[in-house]
Ligand SMILES: Nc1ncnc2c1ncn2[C@@H]1O[C@H](COP(=O)(O)OP(=O)(O)OP(=O)(O)O)[C@@H](O)[C@H]1O
């Protein structure tokens, strides 16, 4: 089965490589703990064999009335069982410690790989999101492979110990017991593959279930859910997804129940036959009482240990199948093609040109841009205007190279932006997106994320806040710039962790300040920078923007046409192309799309309910 290039059942070689990779990571993350864990596990696994031999000796001594050394044997049994009890607790602690340390490095590696992806398409790909979810699960318990390896190794020690003892009594039974384990292992591995494939299949249902659950526990969604009484609707949808996933799990569980019951019955049959043989042999005088006890303990021990080994093998296999998701993310190549030689991107001198740019989000999606030709001259402001869905934000994302044009090219002073590393391009850009992020960090940090190199520069942060008309708001907060902008981390120990919430417009101004902190960049992209601002703030912000923009290159997207009438050039996007282009006055005179949009908006500000007239209709 394949999905988006990922095989659910990898080859043996891939599994082996994954096993080496995950075990070497465990070794690098927690070498001392791993060695101690192995030592303790070894003690635990040798103990049953030692106890069986000591019991045999006790029984033989009793049968032969040799009571002299019984006390010593009893003390030895006590010492061994005490060591086992202590070892089991130590193993538990060491196992958890190995898991904790390895999980930290696994998550580090996984999220470093996720952050390395330069484009956005991966986050819009359901297969990638499923893989990421499974990879996170795998990275949360990376020590499982060690557990299973240790279990298998302990089982092997026990098996070897008992097989030796069993072979002394009955070589034929030894072979039979060992052979019986082979089909069990093969069948269990097949079941394991089925389980992993099922987990992959139910991934979308589990993601939807998580989405509904998260929606019902999110403050931002709580208003609408209550007002529109969506609680039952969302809960039922969540339960429907859960039932779908549960039905698939149940089917596999039932298959496993049937098959594993059969395997258990077969193994009990072998043990029963052995017991009958041992009793008959004891009756004939071929086995002593100690031999019978040893034989019974050895059969149970070998079968039990083989079961442990089979289960460990299956778990290791399952873990490695899941680990494949992690490996595929960590070793994935760049999501956007990178230039062979990482050349630098010089400061903008002439301008940015979109040459016959076509774009759609994927082969299954409609064309958004259908041959856009546009020039953004250095030092000028170009405003993008158009109806909802015209592709304005898409064009802004292409300028930042979050996606590559499906056809055509974007040239920075004549250099195709695909020929420079994405980070070199982005270092030259400042942007305020329409769907900016409200970070649950302090006010200062919310601005500083615009340029982390300036995180300690209080003066620059305050200046950006003043330009975005948010400085007074921030200084009035309980801890000023140190105020946490979240109510989600309240704690009795830390007074400052109990933060505050901002209004929509205040958040927008902070996002603007974030963009202003990068004022020295070559290109500024502002996507609806003032949509949530009150009229005074909007006036103030646009006054600042005019100041900041002057002599700088910027692309501004706005539905507030009054705010962009003074820009150098207005570009109207419609039907995926540049439909109109020019200054405000010229476009009004042309009487096209811009004139119609402008006059409709202007009519809303007039007292009289006048319909647009003349060319503007
Ligand atoms: N990530 C995406 N995957 C698929 N389609 C998308 C994606 N983002 C946007 N679209 C689609 O692309 C089209 C253009 O969207 P875009 O956000 O660029 O429009 P816009 O002109 O900025 O609209 P608005 O004025 O409403 O902000 C829309 O039809 C939208 O559904």
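Placed from the backbone N, Cα and C atoms, the Cβ positions cover glycine too.
Feature annotations, courtesy of TrEMBL:
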- 34-58: transmembrane segment (TRANSMEM)
- 35-318: domain 'ABC transmembrane type-1' (DOMAIN)
- 70-91: transmembrane segment (TRANSMEM)
- 159-186: transmembrane segment (TRANSMEM)
- 257-280: transmembrane segment (TRANSMEM)
- 292-317: transmembrane segment (TRANSMEM)
- 352-600: domain 'ABC transporter' (DOMAIN)
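Among the recorded stretches 34-58, 70-91, 159-186, the one sharing the largest number of Cβ pairs closer than 8 Å with the transmembrane segment (292-317) is 159-186. Under 8 Å from some Cβ of the transmembrane segment (70-91) lie the Cβ atoms of residues 36-37, 40-41, 43-44, 47, 50-51, 54-55, 57-58, 61-62, all in the same chain and six or more residues away from its ends. On the 0 to 100 pLDDT scale, the model's mean across the domain 'ABC transporter' (352-600) is 90.
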